[in-house]
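Following: one structure in structure tokens, then a few remarks.
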């Protein structure tokens, strides 16, 4: 798996992820790019789960964004509907965190769309709970920027989770 975390603070949203690709107990690659910009750089997206499945979902989500003029929630709900009803999509094993300047969402592998708690922190993947806990503690107890919180949360997850490394890709809006 992996770790993807998103923090929204002081007018910025940051999504970051590690670069480890594992096959069973073997590390296959350490520098995968699991966080990307979509829709002309206006949407951030990060994935956890099967790499090929995630790229399929990135493509489908970007099509939904184009179809709905970049409306994040509408695009996510439409993707989730397709994910639940299409036989081929139902077999995809991945989760996405998506964010624009206004909102952040998780799109789950069973076709659910989840909005964050009031703290605007989201995390997915095998190290997601570690990163989420770290990010919440840092938001509540420091004045760090959203980017610094994402970096530190990923570092903590990478130190604890064997399926997460410390080779990070981090994107932020506004840029």
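Every residue, even glycine, has its Cβ placed from backbone N, Cα and C.
Record features (Swiss-Prot):
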- 2: active site (ACT_SITE)
- 158, 161, 164: Na(+) binding site (BINDING)
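Overlay of Swiss-Prot feature records on the structure.
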residue	record	DSSP (3 states)
2	active site	coil
158	Na(+) binding site	helix
164	Na(+) binding site	coil
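The Cα atom of residue 2 (active site) lies nearest to that of 164, taking the binding-site residues 158, 161, 164 as the candidates.
A C-beta separation below 8 Å, combined with a sequence spacing of at least six in one chain, links residue 164 (Na(+) binding site) to 1, 2, 3, 18, 20, 125, 126, 127, 154, 157, 158. Excluding the listed site residues 158, 161, 164, the same chain places 2, 3, 18, 20, 126, 127, 130, 154, 157, 159, 160, 162, 163, 165, 166 with Cβ atoms within 8 Å of the centre of the Na(+) site Cβ atoms.
Sequence-distant neighbours of residue 161 (Na(+) binding site) (same chain, 6+ apart, CB under 8 A from its CB) are 3, 126, 127, 130.
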